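The next block holds one structure in the form of structure tokens; read it before the comments.
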Amino acid sequence: MIATPATELTGEFTTDGRRTGPVLMDLKNITLRFGGVVAIKDISFDIREGEIRAIIGPNGAGKSSMLNVISGFYVPQEGEIWFEGARRPPMKPYEVARLGLARTFQNIALFDGMSVLDNIMTGRLNRMKAPLWAQAIWWGRAEREEVENREQVEKIIDFLEIQNIRKTPVGRLPYGLKKRVELARALAAEPRILLLDEPMAGMNVEEKEDMCRFILDVNDEFGTTIALIEHDMGVVMDLSDRVVVMDYGRKIGDGTPDEVRANPEVISAYLGVSQE
Amino acid sequence: MIYREAGDFKTSYRDDGQTFPIRLDRWGYYALLAVAFLVVPFFIDSYWANAVLVPFLIYAIAAIGLNILVGYAGQVSLGTGGFMAVGAYAVYKLMTAFPGVPIFVHILLAGLITALVGMLFGLPSLRIKGFYLAVATLAAQFFLVWLFNKVPWFYNYSASGQITAPERTFFGWAVTGPATSASAKYLTCLVFAVVLAWVARNLTRGTVGRKWMAIRDMDIAAEIIGVNPLSAKLSAFAVSSFFIGIAGALLFAVYLGAAEASEAFGINKSFLVLFMVIIGGLGSIFGSFAGAAFLVLLPVFLKNVLVARLGWPTDLAAHLELMIVGALIIFFLIVEPHGLARLWRLTKEKLRLWPFPH
């Protein structure tokens with residue numbers, strides 16, 4: 001196993017010349033079981049501020065479970081999650097969201113009955129605190145918040161180039177655009193960490209390139225920390241600053257893309273190894 | 001063409017988010033309000049008030065309330081009749097206990113009491129969904145009606161077991177009681193219907209409405225983006241019951257004048273309001289009005305045409321009404337779950353290009 005380059009990267013420049021900050025989220029010895037099945041076995045890794053962190057691994061390696069642990073959907077039986085220097089107690093998913101974690105789903109989880117605009121506006125629900133009576137008469141704080149948050153949402157709409165479908169019901173959109181709207185909704189929350197579960201799954205080359213560009217731009221322009229799961233190796237190696245490799249619920253590699261590529265355990269997990 | 005949608009540009013997000021974004025729609029709405037408030041009260045007679053307009057307005061309020069719960073928040077409820085009974089009995093108790101307080105305050109308080117009761121019966125929605133929740137609310141329906149029949153305190157120990165609205169005035173006008181004029185009944189209900197429809201629209205286009213719709217469309221994703229399912233579902237039950245409670249209070253105090261729980265607020269009432277919501281359109285304020293108008297007008301129409309014109313027996317007309325409503329429910333559930341509101345919008349979209357095919 002490769003030694004984690006934790007000390008080397010602090011405040012250092014990453015491979016493509018960007019600076020990453022201190023540890024934002026630290027996962028320590030996470031173990032997650034479903035009955036007798038051990039989905040995640042004693043995994044530790046950290047996510048630094050401002051980096052793009054990828055989690056890769058073959059099917060069934062436990063990547064999505066890992067993301068679900070981070071977003072509070074599963075509570076691990078063992079291990080600790082530290083976020084911004086404090087231990088995070090077991091929380092409901094909506095409480096985790098309020099801490100500043102936003103995510104997208106592998107199989108798009110948008111609100112089909114609502115327009116694109118309303119969907120993205122839901123990303124800002126936690127920033128809108130007008131009392132019910134003010135919303136009922138659409139006055140004062142309620143109206144002001146609506147307009148202010150709409151301005152923020154419009155910036156994201158511009159950023160992701162979806163101005164023309166603003167008022168379209170999400171149910172009518174093609175797959176690639178839905179993925180983009182889901183990214184927009186997660187971005188609207190202005191998260192501390194953005195979790196992307198297979199953002200490129202099921203896309204053609206062109207859509208993948210668009211999505212890569214958006215992910216890099218988000219990281220670059222907003223400085224958003226991103227943790228993503230992806231199957232497309234080329235994409236992962238190009239996008240990410242550091243990669244965690246999982247197999248059968250264990251961590252088998254952790255480091256920069258180049259280090260991971262050279263790791264014999266990773267090669268055997270992905271390519272198989274010849275039986276001498 | 002006088003009516004057009006093009007060329008009406010918005011320069012602020014406030015304008016873009018308004019209820020009637022098209023200028024002509026807005027004018028039409030104001031004109032309708034002006035006629036309803038300034039013209040109709042002078043011409044209304046007791047037949048039009050009692051057979052058509054007053055029940056239409058009251059059921060529209062109830063339908064909006066149920067639509068918030070079923071259409072916006074996606075929680076099925078069959079307890080509407082029971083919650084209307086809560087509103088009616090609450091307003092009755094308040095009217096008789098505090099005769100000096102204005103009736104409008106009583107009606108609002110009755111709405112608030114119903115909201116509390118609604119939240120209580122909404123608690124199971126945190127654990128159960130769909131049919132099972134419907135059955136839980138059905139229990140609320142039967143329990144509440146049973147409660148109001150069994151506990152004499154609710155009907156002030158009257159010998160008949162009925163509640164009767166005493167006369168209450170508002171600036172010298174009788175609003176409840178036998179002396180109420182047709183226009184007073186109509187105006188009271190109109191004020192509530194207009195204000196509550198406006199409130200419902202504001203709620204559904206804002207933050208809490210988005211929370212409700214998020215829970216309706218995908219509750220797991222809603223939770224992941226930070227919607228607390230407890231508060232979202234309970235607020236939907238509370239707001240919905242508030243509307244339904246006010247409708248119940250108006251139905252009893254202003255429209256019927258006297259009521260008995262199992263007769264006026266039975267399970268039939270629950271289904272009637274649910275049908276209004278389904279036929280009118282789930283998740284639409286306009287649809288609630290359309291559905292209420294349709295189901296209030298249909299019996300009146302059938303009675304006028306079949307009984308008065310063609311001389312059919314009354315019971316035959318009544319049965320025909322049941323058959324038509326049943327067939328329509330099936331039709332709308334299969335063909336157009338979004339009801340009259342969607343049909344109206346589709347018609348508008350078609351007319352936009354008419355007479356050209358593309």
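In case you wondered, yes, glycine gets a Cβ from its N, Cα and C as well.
No curator has checked TrEMBL annotations; they are predicted automatically.
If you look up TrEMBL, you'll see B:27-44 (among others) marked as transmembrane segment.
Among the features that TrEMBL reports, transmembrane segment is placed at B:50-69 (among others).
Outside the transmembrane segment (B:76-95), and at least 6 residues removed from its termini, the chain residues within Cβ reach (under 8 Å) are 62, 65-66, 69-70, 101, 103, 106-107, 109-111, 113-114, 117-118, 121, 130-131, 133-135, 137-138, 140-145, 148, 154-156, 163, 165-166, 168, 176, 240-241, 244-249, 251-253, 259, 261, 264-271, 273-274. If you look up TrEMBL, you'll see B:76-95 (among others) marked as transmembrane segment.
The transmembrane segment annotation in TrEMBL covers B:101-123 (among others).
If you look up TrEMBL, you'll see B:130-148 (among others) marked as transmembrane segment.
Here TrEMBL flags B:236-259 (among others) as transmembrane segment. Here the transmembrane segment (B:236-259) has long-range neighbours at 50, 54-55, 58-59, 61-62, 64-66, 68-69, 72-73, 75, 77, 80, 83-88, 90-92, 95, 103, 106-108, 110-119, 121-122, 125, 162-165, 168, 175-178, 180, 185, 188-189, 192, 196, 200, 203, 208, 212, 215, 265, 273, meaning same-chain residues at least 6 beyond its ends whose C-beta is under 8 angstroms from one of its own.
Taken from TrEMBL, the feature transmembrane segment covers B:271-296 (among others).
Distant neighbours of the transmembrane segment (B:316-335): 275, 278-279, 295, 298-299, 302-303, 306-307; these residues of the same chain sit at least 6 beyond its ends, with a Cβ under 8 Å from one of its Cβ atoms. Residues or ranges marked as transmembrane segment in TrEMBL: B:316-335 (among others).
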Worksheet entry | Proximity verdict for the transmembrane segment (B:50-69) and the transmembrane segment (B:130-148), three or more C-beta pairs under 8 Å | no
